[in-house]
Every structure is written in structure tokens, then in C-alpha cells.
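If you check TrEMBL, you get these features:
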type: TRANSMEM; residues: B:12-31; note: transmembrane segment
type: DOMAIN; residues: B:68-258; note: domain 'ABC transmembrane type-1'
type: TRANSMEM; residues: B:72-93; note: transmembrane segment
type: TRANSMEM; residues: B:105-127; note: transmembrane segment
type: TRANSMEM; residues: B:139-159; note: transmembrane segment
type: TRANSMEM; residues: B:180-205; note: transmembrane segment
type: TRANSMEM; residues: B:236-257; note: transmembrane segment
Amino acid sequence: MATLQLKSIVKEFGETSVIKGVDLDVNDREFVVFVGPSGCGKSTLLRIIAGLESASSGDILIDDKRINDIGPAERGLAMVFQSYALYPHMTVEDNMGFSLRLAGISKAERRDKVLAAAQILQLEELLDRKPKALSGGQRQRVAIGRAIVRNPSIFLFDEPLSNLDAALRVQMRIELARLHDELDATMIYVTHDQIEAMTMADKIVVLQKGEVEQVGSPMELYHHPRNRFVAGFIGSPTMNFMDVSYLRHNADGVTVTLPGGDVCQVPVDGTNLDTGAALELGIRPEHLNLDENGPLNGKIQVMERLGGATSLYIDMDRCLVTVIADGDIDQKVGDTVRFGFEPSRAHLFDAQQQALPSLRRHPLTAVTRQSNHAAVDPNGK
Amino acid sequence: MTNSTLRRFGIGLLAWAVAFVIFFPIFWMMLTGFKTEADAIADPSLIFPPTLDSYAEVQQRADYFKFALNSVIVSFGSTILALLIAIPSAYSMAFLPTKRTKGTLLWMLSTKMLPPVGVLVPIYLLFRDTGLLDTRTGLTIVYTLMNLPIVVWMLYTFFKDLPKDILEAGRMDGANTLQEVWHLLLPLTLPGIASTGLLSVILSWNEAFWSLNLTSSQAAPLTAYIASFSSPEGLFWAKLSAASTMAIAPILVFGWLTQKQMVRGLTFGAVK
């Protein structure tokens, strides 16, 4: 039960400012993911919320109460660290019960609470072990258990899955999502992995160089990136960009000339464009398809057959384009192929790298992981 | 023999040779302690009729146990005192560093480069005026100050090796600084603290300059006891050796018993 508000948070280390005025609202029970390349300030922002760093200026509010000057423990938050940060000299049970011990809670009550958390995470068998006798995934669960025991108003996760191998990461991702539903808690999660962000978030906050680039639901960010950075960061493989030249615009969109010379009308708002403006067209690899009559062409440079799909890296003279094609295509490296796309799937970016606003909203932009959940189980939880 | 076994043999031989060179003087000293004075100055020989006469005479001339007690009190006392001062200092330097931390550390170490005799006169006068001459308190203070730079340095490196996350997790769990140190920092760096303490004990035990200059009879530790056997009347090798053997025996046994702890502490960061 908690909301969080950040108001013009700034963090400076000496001369360098790593957070340049961040405003953010986190709603109750929301799963918010901070995502961005390394050095974008996402971890610092999380540490400021946790109270491990102080903000140079700006306010942090939890349930509308300013908490800037309150110590980390009194904020009622719990944090799961990237390195897990388990206490190596304590057993799993002592690790999980440490906060309760410091709070002066009796041994019996402590045990009850630890057991309850251990049950949620299937850790009962491991309570007597020391961290070094645990696998990476188990350590991760203990770290989460330690957070659960504190019954925090907000959970903070600092890249919690980045030390796990790929298979375990997928499993923990699912487990975290399940935990979020089960605990009904507000969670803030930091990652550099956009897949984690897309799969777990109700709301994604894309950060770059200490500034918020865009805040929105995963589908919103995917279908309506506000600028070239967000467009390139969200989605995998990353979006293709190609220079196009502006021809004209009307109420149905902006018409541009593609690299091959063909003309294409993209349904975006071009009202503010000047004639001759430099534009960049962005199109996701999964939205490009091989098509004998397609407007684009190039030579296949590399092919990656994944079975279900094939990634084609196509050399188009001035740029390399990725295309996700069918798994069973019979083209070979060196072949020249033609391909095209649905204009409504394309994005246009102006010289300032800002996206031209789409004329049609994608119908799924309001969908979040939580609403997915509701769709499966109409009676709610 | 293959190349690698030959190599191993060579390295082993070298190690034994080095160990022998290091150990030989101690061995010879122990041997001499069991000789008569005449044997001691005769041609070096491994075969001689062993005798305990020197030990008996040494004990007659001066009470070994009084000196030993002083050594124990002063070296352990100064070590505990140094740790009490150094733990908070090293904590703040390792976890709350400022721009001047590195400089402070270097400055502390630089005091160890000063020859002690350079400050002998002022310290002697200070001790005389405050009545600390020939007291165990006085010697404890000097040893504490003498070892403090090394103790702080060692603790600083051990503390720095501790992942910061663990202390931050503790802070998130509600630990104040004292609880953080008591529940997390100290137990986790105990091997390091122990080896630092051991080193400090050994350095204090073996210290001779200050003990010879600041004590005479009441607070004199074992180093002064040995020195008293190289007297103006001449060198009595057998007695000197017997006294030396008795003086180093406790710390030798102590070092041997804590060897594992020492090695573990000194390689603490490396093997983690």
C-alpha cells in the first residue's frame, strides 16, 4: 500500500550531475521498471529512493509524505541488491530475520515470519544453510525473502537477475511476476535488459544520461516511442533506421522517398515539418517482410536460422537492415532480396530525433502485465 | 624425471634452503643455551654434553616471569588499545572516504619512516615529566602509537575488501552504525582483525628500542631482560642464548599456534 512521487530529483557528484531533474509518479501496487544503458543513472535513482544516497535537490514522497531526511530503514522500503548482499556468516534464517532481530522482535515471532516468507519462496529446506552453500538462484530467493520479511511498503530491486544464467533468469522473471501478484506490493525494478522491462513492468521508465526519456506501458513504448533513443532501446532485435527524404504531408500522413526511390506514406502528423526536412524512418525487424514487390532491396550479408524464424542482416548500400523472416525461407547469403513493410508500422524521426506523433493510437497501449492478468482471471485476485 | 617434477624438486629444494637460512640462527641460539660458557666460545660443534646450567643461572640473576608478565601485559594491552582506536578509524576511511583519506593514510605510514631515535628525547622528557618512565602504562602507550599506523592500514585494506552492498543491506535492514560494525563488519573481517592483532602483538613483543630507553626495572619486558645479559663484564654467550631462548619461546609458540589464522588473515582478500 504505497505510492511514490519523485519531484525534480537532481543528484550531483561534484561537478558531474548524474540525475538531471527526474519527476515520476509510482502508483500503489504498480510494477515500475527503470531501464536504460549503463551509466544512465537508474541505479543511482533507486539508491536515492532507498535512502542510500541523498538527492542534491528535489523531493521524494511516499504516500504524500516527504522522506528526504528519513533514514533508509525508517522509510519502510526493502531492497534486493544485484550482488544479493547476503550476510555470509549467517544462516538463511538469520539472514532473513536480521531486520526483525534489529527491531527487537522475539525469536518465536521472528521464526514465524521467516517461515512464512520461506514458504512463499520455497526456501523451507534451506533455512539452516549458509549463503555459500546455496546456488545463485537460491541466494537470489533468500535476498528476496529478506525483503519480504520486512513487509515493506515498496520493494526495490537493483538488477536482481543479472548474475543468473539465462535459463534461471527466465524462471526468476516469472517468479517475480507471480510474487508481485501474490504480495500485492508496489515494486520498483532496475534493469538494463529491455526484455525484463517489457515482460514484468506495468510502467517502464526509460532513462538516458540522468534524464527520463519516456514513461509508459510496455506496449506504449513499443508502439509509440517518443524519440529515436527509446525506439532503438525497446524491442529486440533493435529497430532499423534509414534516412529518407521528405516529399509532402497531408491529413493522412507524411509522404517520404525511401532509399530505393519508392514513395511511401507514413500515418504520422507532419504539421510542423518544413519542406526538405531531414527525416529518418524507423521500422522494427519483425515488421519487415520479404516481398518480391517490396520497395526496398539489398544483399543478404549474414543469416541466422533460429528454427522458428530467421534473422537476415541485409546490406542496403548505406545501411545494414535486420529482417526477421520465416524460419523456412530458402534464400542464401549473397542473394539479393526485396522486402517491404506496412506503412502504419513505420515511425518517422525528425532532425532532433523526436518521433512524429502517430495519427492512430495502437489499441493495446493501455495493456500492462496486470491487466493481462485480469484478462485471464476476470474475477480478479 | 619429467620437466615439471624436476621443476617442483628445484623449487622445493630452494624453499628448504631459504627456510634453513632463516631458521639456522634461532636453532644455533637454542643449541648454545644448552652449552657451558666454555663450549659456547669453542669451535662450533653440534656434539657437546648438554646442560641446563645456563638456564639456572639466568633465572637466579633475574626473575624471568616478572619480565614475561610485563611483555604480555604491554604487548596485548597495546594491541587491544590500538584495535579500539583503529577499527573506527579504518571504518570511516574505508566506507566514508573523503578527498583527504588517501593523504591521511600515507601520512600515518610516513611516521613509520621516522627513526624512533629522532623523537627519543622529547618522548623521554614527556615521560619523565608525566611520571610514565618505567611504567607499563607508558610503554603500552608508546607501543600503541608505534603500531597504530600499521594496524589502521591493515584494517583499512581488510574493510575495503568487504562488499559495500552487505553493509548497505544492513542499513536497509535497520542497522545503525554501531550495529553495522558489531553484527556485520567485525564478524566478517574477523580473520583480518585477528591477524592484524597477532602482528601487533608480535611487533610489540619484539620491540627493543623503546623498552630499553623508557624502562629500567619495574616495567621492563623480555627484550630488556635479554639485553641485561650483554653486560659490561663481557659477553656470556651461553647465558645470553638461554635468556633469548626463553624470551622468544612464548611468542614463537604463540605464532606457531596462530599460524593458520595469520595466513588466513593475510590472504583474506586474495582467496575470497
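From the backbone N, Cα and C atoms, a Cβ is placed for every residue, glycine too.
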Beyond the flanks of the transmembrane segment (B:180-205) by 6 or more, those residues with Cβ under 8 Å of it
71, 74-76, 78-79, 82-83, 86-87, 91, 143, 146-147, 150-151, 154-155, 157-159, 161-162, 166-167, 170-171, 221-223, 250-251, 254-255, 258, 261-262, 264-266, 268
Chain residues outside the transmembrane segment (B:139-159) and at least six past its termini with a C-beta under 8 angstroms from it:
70, 73-75, 77-79, 81-83, 85-87, 89-91, 93-95, 105, 108-109, 111-112, 116, 123, 132, 185, 189, 192-193, 195-196, 199-200, 203-204, 207, 210-211, 214-215, 219, 221, 265, 268-269
Let me spell it out: take the transmembrane segment (B:12-31), skip the flanking residues so only those 6+ beyond its ends count, and list any with a Cβ under 8 Å from a Cβ in it.
46, 241, 244-245, 248
